[in-house]
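The block underneath contains the structure these notes are about, expressed in structure tokens.
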């Protein structure tokens with residue numbers, strides 16, 4: 001009696017992304033080393049081996065000889081699984097051209113697409129997407145309808161047909177229920193990155209809490225399918241960075257009003273009930289303009305709660321180094337006063353019309369702040385309303401404890417704006433009086449002339 005046929009298991013190279021124990025990549029073997037002399041080699045296993053090795057011609061020959069491109073081993077893995085794990089885009093394209101299924105699931109439920117995402121094989125991800133691969137389950141997926149968050153948006157309601165990129169490429173514009181919205185997507189390649197998913201989750205949790213006229217409004221999110229997305233209001237007038245590039249220096253009154261908008265939004269973040277929020281990436285590109293000409297603070301992707309001490313050295317990958325406080329750059333403990341430092345740089349830039357330390361690279365600017373250097377005040381003194389320059393200097397003080405809070409900053413700015421309005425009225429009054437005097441003088445002269453003419457007529 002013949003023994004039952006045992007389906008072989010392919011264990012060379014990277015294993016399924018969902019396997020409980022992933023076998024490390026071994027060194028490269030020849031086919032002779034893998035298969036013993038005299039051993040009858042299963043054609044499907046040979047196909048998986050050639051897929052692992054990237055042998056295009058060998059794969060073509062095997063499939064042409066009748067080997068099924070969808071052959072599965074005992075773990076239900078296919079040659080496409082193997083090629084996706086290894087990141088071999090040419091093999092992936094060949095197998096798909098030879099009718100390989102795009103979304104076969106192995107015994108653990110992993111697809112070639114999920115494997116490519118796990119091993120961060122970007123080129124393979126793109127190829128599989130083109131061929132209709134379905135996104136794996138979202139990391140924030142829930143099991144029952146009751147658990148679906150109230151803010152959940154059906155992705156089919158988002159229309160990207162006229163989409164355009166906005167705010168540093170992080171957001172894009174879309175249509176949702178007849179209105180324009182800004183959509184932030186979590187890229188496919190970071191779905192397997194627990195740290196990135198955690199940041200996305202933290203930003204989402206944070207946005208739900210925020211309700212203020214000077215904070216960009218959160219509308220909803222897609223968390224039960226991929227790609228996961230955050231949806232916020234869309235502000236078509238762009239960001240402060242675009243405005244400064246286009247106009248350069250702003251009028252002092254405009255700069256102070258904008259500073260008040262930013263300060264009010266930041267004061268709300270710092271004094272919100274529960275845990276205060278440190279923005280940590282306050283810079284012109286993250287400050288948006290609404291239709292009424294007011295500013296709103298946006299992009300909380302790297303925001304932190306309360307006091308923070310980073311457990312790893314700071315890098316400039318996540319945020320703009322040009323506007324960060326020295327204590328953040330040097331990985332010291334920092335709090336809400338780090339945002340006050342960034343605010344000072346932005347206010348000065350609005351008056352000066354140029355970025356702080358514009359002649360330096362971003363990281364060099366941060367090093368300058370850490371070395372107790374500050375941007376020079378080059379604009380004429382008349383461009384700085386009384387008290388504004390002093391306020392800026394206090395806000396970028398080297399000692400965070402010496403910097404004012406945003407509540408204090410608001411009071412100071414309101415006083416500066418009031419003084420500017422009063423001064424403007426004072427300048428206008430003499431002119432008005434002079435105009436009235438000239439009018440009365442002309443009126444009296446006309447009367448005098450009329451009286452003279454009248455007297456003459458009676459002679």
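Including glycine, each Cβ sits where the backbone N, Cα and C put it.
Pulled from Swiss-Prot, these are the features on record:
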ACT_SITE  281  active site, proton acceptor
BINDING   108, 109, 110, 111, 112, 113, 114, 115, 116, 184  ATP binding site
DOMAIN    102-417  domain 'Protein kinase'
REGION    1-30  region 'Disordered'
REPEAT    42-71  repeat 'ANK 1'
REPEAT    75-104  repeat 'ANK 2'
REPEAT    108-137  repeat 'ANK 3'
- Same-chain Cβ contacts of the repeat 'ANK 3' (108-137) under 8 Å, 6 or more residues past its ends? 14, 16-20, 75, 78, 80-81, 83-89, 92-93, 96, 102, 188-189, 191-192, 225-227
- Item | Whole-number Å value for how far residue 116 (ATP binding site) lies from residue 281 (active site, proton acceptor) (Cα to Cα) | 32
- Out of 114, 116, the listed binding-site residues, fewest other Cβ atoms within 10 Å surround the Cβ of 114
- Message: By the count of other Cβ atoms within 10 Å, pick out the sparsest of the recorded positions 110, 112, 281.
- Response: 281
- Item | Number of Cβ atoms other than its own within 10 Å, given for residue 108 (ATP binding site) | 15
- Among 108, 109, 110, 111, 112, 113, 114, 115, 116, 184, listed as contacts of ATP, what is the widest Cα spread in Å, to the nearest whole number? 31
- Note on the structure: Per DSSP (helix/strand/coil reduction), residue 110 (ATP binding site) sits in coil
